[in-house]
Amino acid sequence: MSRRKAGRVPRRVDPDTDTDIEMPDLVMDVKPDLDLRSLAQGPWIARDMPISDVKRQLQTASRPLGAPSTCAPRMPLSSKSSDRQPWTDKHPDLLTCGRCGKIFPLGAIIAFMDHKKQGCQLLQVSDPISESKELKALSCLQCGRQYTSPWKLLCHAQWDHGLCIYQTQHLDTPEAPLLGLAEVAAAMSAVAVVAPVESKPPPVSSAARRSPTCDVCKKTLSSFSNLKVHMRSHTGERPYSCDQCSYACAQSSKLNRHKKTHRQLAPGSPSTSASSRGVSPAAPPEPAAYAAAPASTLPSQTVEKAGAAATAGVQEPGAPGSGAQGGPGFVGWGAPAKVERTDPVKIEKTAPRKSHGPGGKCEFCGKSFTNSSNLTVHRRSHTGERPYTCDQCPYACAQSSKLNRHRRTHGLGTGKTVKCPHCLVPFGLQATLDKHLRQKHPEMA
């Protein structure tokens, strides 16, 4: 309610007695009028011209399109490139420390935050931008190919140049000690880190981008991981071993399948019925325990007949055991004991015949088969039975087709063969012999 309606006399404000304390929020900023004469710098405007004439002259004056106005103040452009913000893709966004002036790229924001958390020490450190540009190139000393990651270079040195990075002998044998620092340094001598390369690497041809191929059997695989597993069939490497028996295999899935046999060895299990049919469910051959022995320690007849003191140990990928397994009666490679071999001509007669009757179900894993011969071969992966043996080396397998494929590595056909100078084992390819020398005779190579 106002003072008039309340019956009160409105308070009168005396401008002479009013002070700044009563009206503290009232601030008046009075600017002087713009002197248009100072803007009139053209020769067509006189200095002593009245202001009204100057306004009229400016309104009626016409200037060309795009010409700079004489009334607007012109700001000088900076000649320094650092004072101007670039807007091109060649100059990315940067993060600058306000204390030490260190520059970080926008992608290194984590490093910028760590730099601020450490108190921004005024030290001369390397520039992250220059470090990101100086990418080190990994190149092979033998062929000069460059790679972006150490793993790709290691795979290239292993498959293309035969660099052996795995231990092919069993760990329990005294002839297979762990590699020392000198051996590791000698093995990694083919890998080097070279200086940064200024120019771009040459484009990779289509032949270099082809799928990995096995040097032994010339089989092409889809990836290096599949090639790695496939090479174990030639080298005899069995990195997965059972902790309850001497079973060893090349794939982890086969080891998991083998462990199911130990769970079914209780009385009344299906394994007892398998043993009643003449199949040994839990009697896998002993793993690889042989070592390369000098030719002088072996009898001449044993060397001539066996002829595989340090064979490449070619094995099937799913065979339970290593490449030194020669089936029942195999004492050990390099031992003077006589090893009985199966005549390759009589393989078909001595090998068990395949029955093509109705199939059945596996007692170990429950897998069903429509053909009894396939069930018999599959059951051997659980029992470790390998009736097909090679007469040139301790290789043994569960299928005759795999034995025939293995025999090609020895070059037993009509083609030319090469023999190992130390153990007289024949090979059909020079690459197979070279791999055999590196793995079985490293001190003589």
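All positions are counted from 1 along the displayed chain.
Quick reminder: no glycine exception, Cβ is built from N, Cα and C everywhere.
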Among the residue ranges 66-88, 112-134, 296-318, 388-410, I'd like the one that Swiss-Prot describes as zinc finger.
388-410
Stretch in 138-161, 240-262, 388-410, 418-441 most in contact with the zinc finger (212-234), if contact is a CB pair under 8 A:
418-441
Residue counts for the zinc finger (138-161) under DSSP, helix then strand then coil, are 10 helix, 5 strand, 9 coil
